[in-house]
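J.: Below is the structure I would like to discuss, written out as structure tokens.
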Amino acid sequence: RENFIHLCNPHLEKMKEDILYHFALGTGTHDFPALFGDVKFVCVGGSPSRMKAFIAYIAEELGLGGPGCDYPNICAGTDRYAMYKVGPVLSVSHGMGIPSISIMLHELIKLLYHAKCSDITIIRIGTSGGIGLEPGSVVITRQSVDATFKPQFEQVVLGKTVIRSTNLDEQLAKELMQCSKEINQFNTVIGNTMCTLDFYEGQGRLDGAICLYNEEEKLQYLKEAYDSGVRNIEMESSVFAAMCNLSGVKAAVVCVTLLNRLEGDQISSSHDVLVEYQQRPQKLVGYFIKKSLGKV
């Protein structure tokens, strides 16, 4: 049975037109089924340039494009997000932090619904800070936890706190892990991902403009996180997991670690090394997509 997007909003049925403002798209001006109806895989990441690089990479991997091919930004009418498409793959930037990815996901989920897409897999690919892992390791998220290590996302709605589950698809995580074993190019683990509201104090860094704790307290906190199963830290996974759960979408988070936070706070690797690290989630997810399409 085909699995269609589930919208948790009865009000949308009453609207004559749905304007996806931050995408510069709308049901009254664009034919969503014609533009996006064949999409099966959606990859999202923070940076517009990284998501453009990903669509060029996956196009070549799938034999749908080659060096020098141009992939226009579908959301060129706005500077909020960037979106690229090739074949059944959609690549979308989401900016940095929970508010930014949340806005993007509301409109992305509606886009997929209006396009009548089915059997969708959404994967966030990105960077993170590792805990107890060598830099360059890739973490496939088992569940996203908050800064107190609870597997939940808190959203204030109409002045009341709503708590939502942040579990991710267990089978999809296992399939991605198997793909990494088949590639055999870099260390990959399945672990919990801590999602924070901030890059500095929220992640226990000592190098922000404000820091009212010492190094011993920082290390104690990070070791407690490690003992609870956390292997990396980023700023988007909790709302990503929560919204995909509510929409009935199979989802995963695949992030590379740029440093081991038990050994420092600043990212000191060279530009070339960081570029290679950032390509690792792309390679893993690209291989997964190829395998899913029977092209491996």
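Here the Cβ of each residue, glycine as well, is placed from N, Cα and C on the backbone.
The shown structure was predicted, so the numbers you read here are calculated from the model rather than taken from an experiment.
Just lifted these from TrEMBL, have a look:
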type	residues	note
DOMAIN	40-289	domain 'Nucleoside phosphorylase'
BINDING	Arg80, Arg124, Ile125, Gly126, Thr127	phosphate binding site
BINDING	Gln203, Arg205	substrate binding site
J.: Just checking a number: largest C-alpha distance across Arg80, Arg124, Ile125, Gly126, Thr127 for the phosphate site, rounded to a whole Å.
T.: 20
J.: Which chain-mates of Arg205 (substrate binding site) that are at least 6 residues away have a CB under 8 A from its CB, listed by sequence?
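T.: Long-range Cβ contacts: Phe199, Cys211, Lys218, Asp265.
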J.: Whole-number Å only: compute the distance from the Cα of Ile125 (phosphate binding site) to the Cα of Gln203 (substrate binding site).
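T.: Their Cα atoms are separated by 20 Å.
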J.: Calculate the distance in Å between the alpha carbons (Cα) of Arg124 (phosphate binding site) and Gln203 (substrate binding site), and round it to a whole number.
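T.: Just about 20 Å between their Cα atoms.
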J.: Among the binding-site residues Arg80, Arg124, which residue has the largest number of other Cβ atoms within 10 Å of its own Cβ?
T.: Arg124
J.: Are there any residues in the same chain, six or more apart in sequence, whose C-beta is under 8 angstroms from the C-beta of Thr127 (phosphate binding site), and if so which?
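T.: For Thr127 (phosphate binding site), the qualifying residues are Gly46, Glu234, Cys255, Val256, Thr257, Leu258, Tyr277, Gln278.
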J.: Return only the integer: C-alpha distance in Å from Gln203 (substrate binding site) to Gly126 (phosphate binding site).
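T.: Gln203 (substrate binding site) to Gly126 (phosphate binding site), Cα-Cα distance: 17 Å.
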J.: In the structure shown, with every protein chain counted, which of the binding-site residues Ile125, Gly126 has the densest set of Cβ atoms within 10 angstroms of its Cβ?
T.: Ile125
J.: Please work out the mean pLDDT for the residues of the domain 'Nucleoside phosphorylase' (40-289).
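T.: It averages 97.
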